Amino acid sequence: MDLEAARNGTARRPGTVEGDFELGSISNQGRNKKKKVNLIGPLTLFRYSDWQDKLFMLLGTIMAIAHGSGLPLMMIVFGEMTDKFVNNAGNFSLPVNFSLSMINPGRILEEEMTRYAYYYSGLGGGVLVAAYIQVSFWTLAAGRQIKKIRQNFFHAILRQEMGWFDIKGTTELNTRLTDDISKISEGIGDKVGMFFQAVATFFAGFIVGFIRGWKLTLVIMAISPILGLSAAVWAKILSTFSDKELAAYAKAGAVAEEALGAIRTVIAFGGQNKELERYQKHLENAKKIGIKKAISANISMGIAFLLIYASYALAFWYGSTLVISKEYTIGNAMTVFFSILIGAFSVGQAAPCIDAFANARGAAYVIFDIIDNNPKIDSFSERGHKPDSIKGNLDFSDVHFSYPSRANIKILKGLNLKVQSGQTVALVGNSGCGKTTTLQLLQRLYDPTEGTISIDGQDIRNFNVRYLREIIGVVSQEPVLFSTTIAENIRYGRGNVTMEEIKKAVKEANAYEFIMKLPQKFDTLVGERGAQLSGGQKQRIAIARALVRNPKILLLDEATSALDTESEAEVQAALDKAREGRTTIVIAHRLSTVRNADVIAGFEDGVIVEQGSHSELMQKEGVYFKLVNMQTSGSQILSQEFEVELSEEKAADGMTPNGWKSHIFRNSTKKSLKSSRAHHHRLDVDADELDANVPPVSFLKVLKLNKTEWPYFVVGTVCAIVNGALQPAISIILSEMIAIFGPGDDAVKQQKCNLFSLVFLGLGVLSFFTFFLQGFTFGKAGEILTTRLRSMAFKAMLRQDMSWFDDYKNSTGALSTRLATDRAQVQGATGTRLALIAQNTANLGTGIIISFIYGWQLTLLLLSVVPFIAVSGIVEMKMLAGNAKRDKKALEAAGKIATEAIENIRTVVSLTQERKFESMYVEKLHEPYRNSVQMAHIYGITFSISQAFMYFSYAGCFRFGAYLIVNGHMRFRDVILVFSAIVFGAVALGHASSFAPDYAKAKLSAAHLFSLFERQPLIDSYSGEGLWPDKFEGSVTFNEVVFNYPTRANMPVLQGLSLEVKKGQTLALVGSSGCGKSTVVQLLERFYDPMAGTVLLDGQEAKKLNIQWLRAQLGIVSQEPVLFDCSIAENIAYGDNSRVVSQDEIVRAAKAANIHPFIETLPQKYKTRVGDKGTQLSGGQKQRLAIRRALIRQPRVLLLDEATSALDTESEKVVQEALDKAREGRTCIVIAHRLSTIQNADLIVVIQNGKVKEHGTHQQLLAQKGIYFSMVNIQAGAQNS
């Protein structure tokens, strides 16, 4: 059972919070259904606040309470003032013929009003200070805490053990790091201050009500318990749905990140639509949840407003009774009514704050759960033994092991192995038998389930984890380089290494020569996952990185598998030298590389069945003997033909020209060359680069995306206008009510009051429907827009050409971050926010119209302050927009570092570079933090000005109002009407200004999204243009093709390459690492177009053929195959996305690739998930799946780039036979370093310096005694050494 496949499994851990949002194994679904929605406690959300943050929050809260108390206190002043006016009303009934007796009361009234104006101004000054401190301090505290949460979360991820990553998968963690922490940031900042402000307004309103008129307050409060209950239900519903919505978006984010990370594979197999469907499926789930949330929340909201208006009706009726019976003055009744009114309306204004806080609690549950998860193997721990010296004696004693993700499948079943200090031990055996697992256990990436592993007689569990890993150097099968310079990549081996030591290590690894040919030499950027370099070049840098550690123990897992013949011979010599004095464990499928090992251990089914030297094991005729026999048969012809001494050949022909050592960049089929002109500062993403050439977008353009939902907007806007107009309508009723309490018959007064009370009840019933419809329609339209934006953005990304993905700014991490944050920020200014803005605008607009009708002079005075509020709003928007832009760039830069570290966590851990990545990440968080500090002050100042102007305008209003009344220009009731209409309007305007930060962010994000939507790629994967030939024979011609990668125009790759392969022929491309072989494959796939010359298929230029048709004719198997985190069956079926591939066909394909028996041993067989990038499978198993994936599309042309390099001997033989069979009747282009696999090719082409130097059959090229002859000679010599 070749079951090393389980080694990096991603089956999900049962019984943990992550189950709520994971891609999830079927076995956990039942458990997850039973689980409750998880939220953390409100105070726990602030667990990362230090004394300074707590001080900020305390002062911010105190000031929020002071700010919130301002309006109810103002109502006391208003009540007293109303009594003054009503008492004096009889004196100012006539507009003309003033008598001397009227002048004195007029002067007294004006003096009284001046006193009240000072009260208002005093309150305004207090609010100016309080509002600034409230907003700025809460924003400052949030910025500081978010920085700490990001740091702690990233630190927690880096310290987890490998078994945790196997269960979790890495892609969702990146989504959590961007999306979820943004939600926490939204929930713990200024919105908390605004919540306390609203709560203070609520309580202050009721306290004032009780003091001024407890009877009336109690009557109004009778309805409050029902109101409170509906608010509680509303909050609960919101948080439940928010949690589910988060989970759906996390899944969508994981799909997007996976597809963007494997973009070449997606495009080559035409999988864009399939990825888009997978993505949209999760988005649809999120949308449905969002719509349900909108319905539930807004029914609660409608009920709340119905209850509020019902309480007003009751208040008016009872209040009028109290005034008529002389228990209350009209001023008292007004104070009580207005205080309760303002207090009750503050509940509605708290709604977005409660929503944001609920989202934050849901997001924080998952984040804090990960932070609190204590790993059993903690690489940050200082505990454990750190010996002064290590000899390097290793002992594996009865080691049993199963991967945590697949506890029921045993990998090692009693491994026993002793390695003496300085010895080299080679582990051999079939793919998936447990060899790599052994190396992982030695590094303590996992702990054995039974048995012990010791170094120098000490159990490795007693060593300090970091110390243990530092004495071990690792070179793995698929080396991971980081997106920085070559020198920095080598420095990851050991932090304090000098440049001289780097050069020494590079020379030992045979990489010095190719590095010195690069324009930037050691400062050349290697691209994401080392994509600028060929496989061989990456491998040599990885070897240099291991050597620079000067490790006591060296672990080589297929360290030379990706090298060409010449490099392999030289690197092998370097490794032999490096092994001197070190304990070395080697895994190699190419057995010629391990025959000089001191001990060779034969693995079979998780145990060592034999060990000894090469000659001893050959005599035993066991596992090793069988493997050697199978492997040597392939290269026998070579060894028979070359008994000649290589030195003689060189002397005779002057061969092995320097030319074929050429190290011009080749791009491994994963990604192309990316620009390195810019050195280190490119890593920081040039400050202006991200937003250069991104034109600003009008918000109408965003709304146009919602035009199909126009009926929702029409209904929502009408309802918002009605809701906005309801409040000024109350102003008219109020002024009429005050007018009733002049002189007159009490029975008539009571009758009129009853009528107005019924009007209020009617408004309540109306508001139930209008508030529900407003919230629901805008909410639904917002959810649809969100889904559409995300879907369009992802679709637009998948449409782009390779040169766009080669750009450093468009790395997987940056794109995933952009996909999550841009959508969230645009949604932040649409949907329910848009509804509130429409409502508040209608409120102010209606208020102004009514005010002009009843008193234009006073209205003009009040409106004269509006420009000041507007200017402060505009300044706020501009400054916040600048901050949003800087913030976005800095967070994307941090996101890239995090994504790279998380995706390559095994390499980071092996190199003990967790601290380095953490410090890089923390450094990138400084700028967003500095921005948040600036933003706090800007936002605080502008917010406080807009809030305080309201009070100053009231001071002016009533002072001027007194003058107008005294001079007979207005009646008191009209002053009240104008005042209250403008009060409600100004409150609304104040709340509208609080959305400025969201709007600033949304504008920037919208600009980014539209620049992406509108970008026309040079090669459009979605294009329907071009020829669709009925028949394709399969002949391929390259005519004088010249090509440089777009991002490095000064580095020629192909320089006039011409070659032809006829229908059904097999063409083999050979040449040294980096000579342009894979570039040929990429041009054929039309990842790029040649700069000069043509690529022809059946005589037709590739550019003229429809791109989808063209790629459908090609099947590709690359050097490092990329599998997707879905089932084995789905991965095989991915080969042909134009149809539904049947299960029978999938099984037949698996049998043909010799992987069916292995799949049958798995618990879920073909439904087994292969893990992130296929990490549950061994290299050989992945490669076999990739071959079947390519063949299932029945291509006319088969492209094999090192298709068998990762296979063990036994698998290689079987797969090679399968490939030989697959080639029948097909045109085949093969790239191979192992020349024994291509000797039967119809045509072998030797590429050097981007041109064809030799071509012919195996025999013809041998006869020429040229470059190919030398390559074969070296390889045959290595095979027989």
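In case you wondered, yes, glycine gets a Cβ from its N, Cα and C as well.
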Read off the topology recorded in Swiss-Prot and answer whether R107 and M792 share one side of the membrane.
no
Pick from 400-424, 575-599, 625-649: which stretch is listed in Swiss-Prot under region 'Interaction with HAX1'?
625-649
Looking at N91, N706, which is the one Swiss-Prot tags with N-linked glycosylation site?
N91
Can you tell me which of these residues Swiss-Prot lists as N-linked glycosylation site: N97, N298?
N97
Residue numbers, six or more beyond the limits of the transmembrane segment (834-854), whose CB comes under 8 Å of its CB atoms:
352, 716-717, 720-725, 727-729, 731-732, 735, 774-775, 777-779, 782, 862-863, 970, 974, 977-978, 981-982, 984-986, 988-989, 991-992, 995
Proximity verdict for the transmembrane segment (189-210) and the transmembrane segment (758-778), three or more C-beta pairs under 8 Å:
no
So what's near the topological domain 'Extracellular' (735-757) in sequence-distant terms, Cβ-Cβ under 8 Å and 6+ beyond its ends?
82, 86, 89-90, 313-314, 316-317, 320-321, 323-324, 330, 334, 854, 971-974, 976-977, 980
For the domain 'ABC transporter 2' (1036-1274), what's the model's average pLDDT?
79
When each of 51-73, 119-139, 297-318, 333-354, 758-778 is checked against the transmembrane segment (938-958) for Cβ pairs under 8 Å, which one has the most?
119-139
Sequence-remote contacts (6 or more beyond its ends) of the transmembrane segment (119-139), Cβ cut-off under 8 Å?
56-57, 59-60, 63-64, 66-67, 70, 73-74, 77, 189-190, 192-194, 196-197, 932, 935-937, 939-941, 943-945, 947-952, 954-955, 958
So which of 218-238, 297-318, 758-778 has the most C-beta pairs under 8 Å when paired with the transmembrane segment (333-354)?
297-318
Residues of the same chain, at least six outside the transmembrane segment (297-318), with any C-beta under 8 angstroms of its C-beta?
215-216, 219-220, 222-224, 226-227, 230-231, 233-234, 237-238, 241, 336-337, 340-341, 344-345, 347-348, 351, 355, 730, 733, 737, 753-754, 756-758, 760-761, 763-765, 767-769, 771-776, 779
Within the topological domain 'Extracellular' (211-217), how many residues are helix, strand or coil going by DSSP?
7 helix, 0 strand, 0 coil
Going by DSSP assignments with H, G and I as helix and E and B as strand, what are the residue counts for the topological domain 'Cytoplasmic' (140-188)?
45 helix, 0 strand, 4 coil
